[in-house]
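Shown next, in structure tokens, is the structure this report addresses.
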Amino acid sequence: MSSRTLPYSSKDVDYDNAKFRYRSPFKVATQAFSANSIRHDCGRCGVGKFLMLLMISGITYLMVIHKSPGQLASRGLMQDTTVGDVHHVKERIGKIGRFLQKPPRLPPQLSPDDIRNSSLNLNHNKQYDKSESMFRQNKVKEAFVHAWSGYRRYALGYDELMPLSQKGVDGLGGLGATIIDSLDTSMIMGLDEIVSEAGNWIEKHLMERINTKGHVNLFETTIRILGGLLSAYHLGGGEHGTLSDSGISVKLKGVKSEVFLDAAKNLADHLLLAFTSSPTSIPFSDVVLNERSAHAAPDGLSSTSEVSTLQLEFNYLSKLSGDPRYGLVAMKVLEHFKTLPKVEGLVPIYISPYSGQFSGENIRLGSRGDSYYEYLIKVWIQQKNSRNSHLKYLYDMYMEAMKGVKHLLVRKSTPKGLVFIGELPYGSKGSFSPKMDHLACFLPGTLALGATKGLTKRKAVELSLLTAEDLENLSLAEDLAKTCFEMYSVTSTGLAPEIAYFNIEGNLEHGLDGGNKSSEYVNDIIIRHNDRHNLLRPETLESLFVLHRITEDPKYREWGWQIFLAFEKHTKVDSGGYSSLNDVTRVPTPKRDKMETFFLGETLKYLYLLFGDDDILPLDKFVFNSEAHPLPII
């Protein structure tokens with residue numbers, strides 16, 4: 001009897017596996033003797049026992065001679081035996097063996113619950129459990145409905161919900177930002193009633209508000225409102241020729257998608273004043289809608305990230321409207337950046353719209369610096385037909401900047417060696433700061449996207465598209481994603497602070513850990529008292545979504561699920577909505593009474609897509625703006 005691999009499960013590690021191992025005929029015989037207490041004293045054997053002994057002896061003899069031809073020949077048993085005789089004997093013995101052989105007793109089968117629980121240990125090349133991903137998607141959808149229900153009940157028409165006070169507040173210009181920011185999320189989730197409710201509100205109220213409201217920030221209004229309208233127009237069927245690429249079916253009831261495009265054009269016409277009013281290619285930061293005017297911020301400066309994070313939206317609007325003005329003024333900003341001096345591709349976080357020059361030397365990938373680097377590669381990806389021609393400079397600027405990041409900003413913490421991105425508050429000649437904003441957790445996703453251009457790593461390798469530098473950037477992306485996740489798991493709530501510092505040599509700060517003493521990295525991450533709040537931010541989940549799509553590694557889904565459960569446990573408000581937190585290191589933690597629009601527009605959207613199929617908004621056909629609004633690649 002030949003040995004073979006038999007079913008086995010991790011649940012049965014103590015199972016007697018000796019039953020499945022090969023045993024020699026001699027052991028079979030001796031164990032049979034022992035089991036039946038057959039004695040060697042024949043005088044004390046009865047007739048029945050004697051016959052049993054005779055039968056076992058015969059079977060043992062047959063099993064001994066049932067050897068391979070080579071074994072028989074080696075013992076001189078084939079000298080006078082023909083090949084036909086051998087096959088005849090083997091055939092008869094095989095029939096006897098099969099008749100007498102009992103089927104092996106298999107280990108217990110895993111229950112469906114055990115199978116689901118053990119899925120966490122599957123190799124990442126195995127298919128992720130479909131039922132589990134659907135279960136998680138539904139939970140995220142339920143969270144979105146709960147968030148929307150609180151907003152609709154207490155704050156409909158306001159920019160944001162204050163869930164504890166059960167009222168609305170206008171902090172973004174009074175254009176109903178939550179409605180527009182969350183519209184395409186409800187489309188992606190198939191929540192047709194919410195889509196219709198939001199669409200009807202936009203049709204009835206938005207045009208009037210654009211014409212009559214006052215001060216708005218150019219950047220925030222572009223990424224949240226303009227981006228949300230353009231994405232909703234596309235997903236709502238505005239571009240019939242490309243809609244099938246999204247994998248989404250949207251049913252608009254009572255409103256036409258053209259309403260979204262008309263509102264987008266009206267809004268953009270007002271926002272153009274920030275560009276045309278400036279004496280340089282750098283736009284002013286603020287627009288007064290009802291006065292049709294624009295002005296600089298009180299300090300006269302614009303944020304580098306803000307003026308360079310407008311191009312995806314304005315380019316797409318030019319494509320839809322046939323009016324090149326929008327894209328031309330926005331792209332002049334990046335063309336101007338190309339001419340400015342940089343530090344290994346890195347740039348300061350402030351720029352003057354009056355001089356067109358950078359102000360100060362502060363270099364960081366957190367606030368006011370982050371999305372400059374993000375849009376370099378995303379605008380290049382968006383303009384597919386121009387990648388190797390007049391927009392190649394964007395790709396070159398991005399690659400140079402990533403080299404600078406690796407050389408000047410990447411460090412490892414002590415004692416466990418988390419890879420993180422620091423800052424140069426006084427430029428490259430000043431001291432290094434081991435400070436990392438949660439905002440900087442956009443970078444892992446951007447690095448991965450820049451490496452494969454939206455393809456899976458597997459496909460990019462098959463097509464020989466990845467350079468050594470691409471692979472290096474992708475490896476850095478995975479290291480940074482782990483660090484971003486550990487910024488969550490190191491705290492008592494399982495939620496990340498707004499800002500973290502990292503222990504490095506000569507920078508030890510004791511007594512400022514995240515509160516989770518069981519974390520392996522509790523001594524690597526420092527959370528100062530003023531930085532312990534959580535605003536329901538999406539950047540880590542954005543990177544987990546992109547990395548899961550590109551690497552196909554299910555660990556990113558598991559990390560995302562842990563973060564979602566922490567949001568559910570600590571930020572959910574029973575009456576409706578979710579609230580920002582004051583201190584992620586304490587349980588229970590006090591709430592801040594604010595639900596940011598990006599919680600519905602980005603955080604829950606990325607979570608939903610993380611657990612969804614890869615053919616929904618594929619990354620080689622769509623590019624997500626800085627507010628997670630998907631726009632088709634042109």
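Here the Cβ of each residue, glycine as well, is placed from N, Cα and C on the backbone.
Positions annotated as active site, proton donor by TrEMBL: GLU220 (among others). Close to GLU220 (active site, proton donor) in the fold, though at least 6 residues off in sequence, lie LEU172, GLY173, each with a CB less than 8 Å from its CB.
Summarising the annotation, TrEMBL assigns active site to ASP370 (among others). Sequence-distant neighbours of ASP370 (active site) (same chain, 6+ residues apart, CB-CB distance under 8 A): SER305, ASP437, LEU439, ALA440, PHE442, LEU443.
Under the heading active site, proton donor, TrEMBL lists GLU498 (among others). Within 10 Å of the Cβ of GLU498 (active site, proton donor) there are 20 other Cβ atoms, across all protein chains.
Long-range Cβ neighbours of GLU539 (active site) (same chain, at least 6 residues apart, Cβ-Cβ under 8 Å): HIS438, LEU439, ALA440, CYS441, PHE442, CYS484. TrEMBL lists GLU539 (among others) with the feature active site.
Sequence annotations record features per position, and here TrEMBL assigns Ca(2+) binding site to SER626. Remark: SER626 (Ca(2+) binding site) has ILE223, GLY227, THR309, SER371, GLU374, TYR375 as non-local neighbours, by Cβ distance under 8 Å and separation of at least 6 in sequence.
Cβ neighbour count for CYS484 (disulfide bond): 30 (other Cβ atoms within 10 Å of its Cβ, all protein chains included). Here TrEMBL flags CYS441-CYS484 as disulfide bond.
Summarising the annotation, TrEMBL assigns transmembrane segment to 47-65.
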Tell me, how many other CB atoms lie within 10 A of the CB of CYS441 (disulfide bond), whichever protein chain they belong to?
29
